[in-house]
Amino acid sequence: MRVMAPRTLILLLSGALALTETWAGSHSMRYFYTSVSRPGRGEPRFISVGYVDDTQFVRFDSDAASPRGEPRAPWVEQEGPEYWDRETQKYKRQAQTDRVNLRKLRGYYNQSEDGSHTLQSMYGCDLGPDGRLLRGYSQFAYDGKDYIALNEDLRSWTAADTAAQITQRKLEAARAAEQQRAYLEGLCVESLRRYLENGKETLQRAEPPKTHVTHHPLSDHEATLRCWALGFYPAEITLTWQRDGEDQTQDTELVETRPAGDGTFQKWAAVVVPSGQEQRYTCHMQHEGLPEPLTLRWEPSSQPTIPIVGIVVGLAVLVVLAVLGAVVTAMMCRRKSSGGKGGSCSQAACSNSAQGSDESLITCKA
């Protein structure tokens, strides 16, 4: 199994640049590769997405009408034609490599040719505030499970099972860790620093969160306090609840940070409290965009309670209305198709449009 980091980039490496800039906080660059085999339906589909921090900046899809590396951020559009030609060739070579690797892995695991299988990889680097390498990554997964990964020392590998040990021996014989380390310490760092400079208005901005605390009665005896952080960038943020100054980590419900769809992020943390004791609880928030940590309380006078029962009833009404609308539409379509006037109804064509490594949006067109 060949190394999935692009060898051409490694060969272009001539050494790291002198580091003089100081960055606000740490930054990262990640590439995510996914190859999915589809027996009887052509070659495996290969998709690559690249991120700087929390911003996608490049994408490639082998199923596109004209597969090419495509910019996904304004600050990378300024790269010249040679850059995009290199990116495109890199992805096409990787697609071929993954195609071979999928066949090999199927053999390692004694799997038939009938099923579909998935090979994923991620590689990249983190920079500290001084612009120097904090950590490098090179990780692989097969059918959703860890397969093999480059260790933090960038000199050795960890195999997840006996099949991965076959790959590990081949990588060690080829001195692949040295090549990966050269790329991660050199060109990866150099590229990330260039992107941070070109896109500094976007990538190095700090937008503070919009904050509030909501109150949701559960019963006569308990209520949920939810601390909200909205519209912030970058994604890293800390939310904690305290009772009389003591952390309530064990009793806090904390959701993962989520993209808001406009380049910013959202997050909330909730805690269930005894009714009448709400003022003993405080939400504490830290973010790069805040001049100092925030402490928030629920303010009864400024924010009315939001009964959970009311929310459930409201959602139920919306569901009923949606179902009724679908039934009416179906009846109208049936009537038209059986001889009524006004044209015909066709099924909506739906497709998956991957927006990033962790989510897909379903787009339906009538």
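Note that Cβ sites are derived from N, Cα and C of the backbone, with glycine treated the same way.
Matching Swiss-Prot disulfide entries to the candidates C227, C345 identifies the partner of C283 as C227. All chains included, 26 other C-beta atoms sit within 10 angstroms of the C-beta of C283 (disulfide bond). DSSP assignment over the region 'Alpha-1' (25-114) gives 31 helix, 27 strand, 32 coil. The DSSP breakdown of the region 'Alpha-3' (207-298) into helical (H, G, I), extended (E, B) and coil residues amounts to 6 helix, 55 strand, 31 coil. Each residue contributes its Cα atom, and for C283 (disulfide bond) and C125 (disulfide bond) these two points are 33 Å apart. If you draw a 10 Å sphere around the CB of C125 (disulfide bond), it holds 24 other CB atoms from the protein chains shown.
Taking the Cα atom of each, C125 (disulfide bond) and C227 (disulfide bond) are about 33 angstrom apart. According to DSSP, C188 (disulfide bond) sits within a helical segment.
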